[in-house]
Amino acid sequence: MVDADFSLPDVRTWIRGIPALTGTPPPAPEHFPEKPGELFLDWLRAAVAFGVVEPHVCALATVDSDGMPDSRFLILKDVTEGGFWFSGSAASPKGIELKENPRASLAFYWRETGQQVRIRGLVREGDDALRSRDFVERSVTARAVATASKQSEVLEDLGAYDTSVAAAEARISDDPGFVSKDWRAWCLEPESVEFWQADSGRRHQRWLYRRGSDRAWTRAVLWP
């Protein structure tokens, strides 16, 4: 329970007193690949080896038809020559927003290593084979929830949710190859990728990859 005397000035002092930049950044890269996807995978492998918790979790930012931004955390599914893959329902807020405006960003933050990666670009849908593969690779429970859930709609009765999910599980049990018609696999095709590495003295290091008009990548060092 929050103390009644815990006023706003006290909250500010409390928040400012929380330690930051507590991670242990690795040495700066000595070699920079031509493409940002290669450096991202190098960083991701290093994060896994270091013990970063859930390093494949990222924030996806989209905007709705009114230009209001929205964000949520999800799991990165793949990294290919084309870009960075994630999945979800076309009927969800993110699916609707991506259909209306296929511009988005992904952001990764690894506290343990003091690193951040920001990716901006256009999003395209994968073909039926890709979305089907992604859906079938999910656990039965995850597939059932994705099939039954009216994501982000008001839920009046938890019993209705349980009944709907149970029916979806039974359907999947009878037909293991079933794929929800709303399921999508999306690829964010990057226009820019920024790698950020923290420094306790605020001498942060930033490297920006950006596509030129010829679609080739250029790289620059940014001020902290």
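Glycine is treated like the rest: Cβ placed from N, Cα and C.
Note that the structure is predicted; figures quoted are calculated from it, not measured.
TrEMBL names Arg72, Phe73, Leu74, Ile75, Leu76, Lys77, Gln116, Gln151, Ser152, Trp196, Arg206 for binding FMN. Of Lys94, Lys99, the residue it gives for the same site is Lys94.
Per-residue pLDDT, averaged over the domain 'Pyridoxine 5'-phosphate oxidase dimerisation C-terminal' (183-224), rounds to 96. Taking every protein chain shown into account, Leu74, Leu76 are the binding-site residues, and of these the Cβ with the most other Cβ atoms within 10 Å belongs to Leu76. Classification of Gln151 (FMN binding site) by DSSP places it in coil, neither helical nor stranded.
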